[in-house]
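**Q** Below is a structure I'd like to ask you about.
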């Protein structure tokens, strides 16, 4: 009986998540496009719903909601469905839509989509070879094979985004890094842009007029038909044409310049807005947060290096450690069991909410930047794939942040994976990503003021 | 010969509707082979015979300014785009017939362009919402062009065309529906070509001819190659 009730609760929450994913897709992602293939929207919302359900099950685990057998059952079901979606459904549809865009292969869409899917599966399988992720007692078709590979990809993604985010966040928040931009700089650049446009216009006028004259003269010339007419038209080229190609080259160069100037002007406008924003109260608050985050970022990089150099993996989670410190060193006595449950709930809840929100925002920005009306379906599906793998791996890694008694369910469900490997791999990629982001931002920052000094 | 009078026409619309192909077709009479993203603004020039075939025939340059981007861009992109909206004599609004959202966004595009325009008629817009009266008051000629007509199946065509007719009515403008990859839609003598010609004539009239028929001085004597244009430049 209670199993039925539990299932109903789970199902309702899944429907809610599905609705949220659907709305997000319609209102945010596909704001400027028309949804013509509803299957894309369905697949995206399903991936989102099942990923969120996994997080929900972790919360339920901590709070002790629903009976533990039904929780275990739902974990397993959810995991199978998500793996099915991430490995079979989404890649197949990505292949299908990519193939649909290519005109040559339109007829045999299904066939080529299957071919693409098989190539994906081959590389996906090969991915597992260089990593020590499985113990030999697992068979070839066990669920652990699939999860371990999904975990590798997802953890790499998480670490990359994390590393870049950890460095980029203080860089954007702090006003220390803002270049000084005045109104006159912007006006000067805009004037240059308009001057360039005027030069392009006058050259194009010459081209248009020369073409028109050639066309009119060509009409008279073409009236000479016959053998001699053909010979004449081959040997004598109209006088304007070499001139035209020269002007056309100048126009191309000027157009490239105008594009550069446009992008620089946009950049200056954006910087000016940021400067104005930083003077407001909100801006000052974010500036302060930026300093805080930069310290946090440095600490994380330091810890990652220590972990790798000294080859250690953290044994206890922050909650238990915090409680230990409070109880042993500060001498405050309280009901450990009660508080550990609540604190881990809050901590895990915060981690889940921020990671979902952060990922959705990043994906939206990414989508706006690179999508076009032809490729929007493919890109959304790729984003759904990334989202699914990201969420599965965050469950995997979150295991470390939970006290022992809650860890068991995750270990049971995901099977005997080498969890310590994933943490080590996360540290390595995080370090690489953070250091290269620092290098990249340093170069970009250095290069920008030099550009404007030449004005 | 470069001293012909000129008018400036903006070509606005969402990303990917086919503005660059359209401008290329209008100016070069050729189909654009490899369309790519327009960054910033790309200009092309069409030589147009005003009042063709009559004794008052005169040749003008029509500058088609194809401004790229999306209507929901960040404010820094919008502020930069505003630089191109100065002293505009006509606006061509382009939308994709297969994508309803691009037609809806045309309202926002026109408001963005008309807001920034510093023409003497002073179109006053308060809160950015669509208001038909603004367009009735508007002195700048508008033209609505729908692209990708070939991708609409025959049975859906009449619905789509009714919808676009309402759209054009809202803007108090003529409309043309075509496919930028076949030049036959704009072949000389077709109704589309006549509408286009009428639009350009209207733009030239509004700019150069006051209501009583006397001609306003052109800019050709005063314009120098490479003269700087500051933001508050008016044609007076």
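Placed from the backbone N, Cα and C atoms, the Cβ positions cover glycine too.
Automated prediction, rather than curation, is the source of TrEMBL annotations.
Annotation source TrEMBL lists transmembrane segment at A:6-26, A:38-59, A:79-98, A:110-127, A:147-169, A:288-310, A:343-368, A:380-402, A:422-444. Annotation source TrEMBL lists domain 'Golgi pH regulator conserved' at A:142-207. The domain 'Abscisic acid G-protein coupled receptor-like' annotation in TrEMBL covers A:277-446.
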**Q** Given a Cβ distance threshold of under 8 angstroms, which distant residues of the chain, six or more beyond its ends, lie next to the transmembrane segment (A:147-169)?
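**A** For the transmembrane segment (A:147-169), the far contacts come to 79, 83, 86-87, 124-125, 127-128, 131, 133-134, 290, 293, 296-297, 300-301, 358-359, 362, 386, 389-394, 396-397, 414-415, 417, 422, 425-438, 441.
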**Q** Please figure out which one of A:110-127, A:288-310, A:343-368, A:422-444 racks up the most CB pairs under 8 Å against the transmembrane segment (A:380-402).
**A** A:343-368
**Q** Thinking of Cβ pairs under 8 Å, which stretch from A:6-26, A:38-59, A:79-98 has the most of them with the transmembrane segment (A:110-127)?
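**A** Comparing A:6-26, A:38-59, A:79-98: A:79-98 has the most Cβ pairs near the transmembrane segment (A:110-127).
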**Q** Could you count the residues of the domain 'Golgi pH regulator conserved' (A:142-207) that DSSP puts in helix, in strand and in coil?
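**A** Counts, helix then strand then coil: 59 helix, 0 strand, 7 coil.
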**Q** Do you know the mean pLDDT across the domain 'Abscisic acid G-protein coupled receptor-like' (A:277-446)?
**A** 77
**Q** What else in the chain is close to the transmembrane segment (A:38-59), if you only count residues 6 or more beyond its ends and a Cβ gap under 8 Å?
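**A** Beyond its ends, the transmembrane segment (A:38-59) has Cβ neighbours at 10, 13-15, 17-22, 24-26, 30, 65, 71, 74-75, 78-79, 81-82, 85-86, 89-90, 93, 97, 345, 348-349, 352, 356, 377, 380-381, 383-385, 387-388, 391-392, 395, 398, 402, 406, 410.
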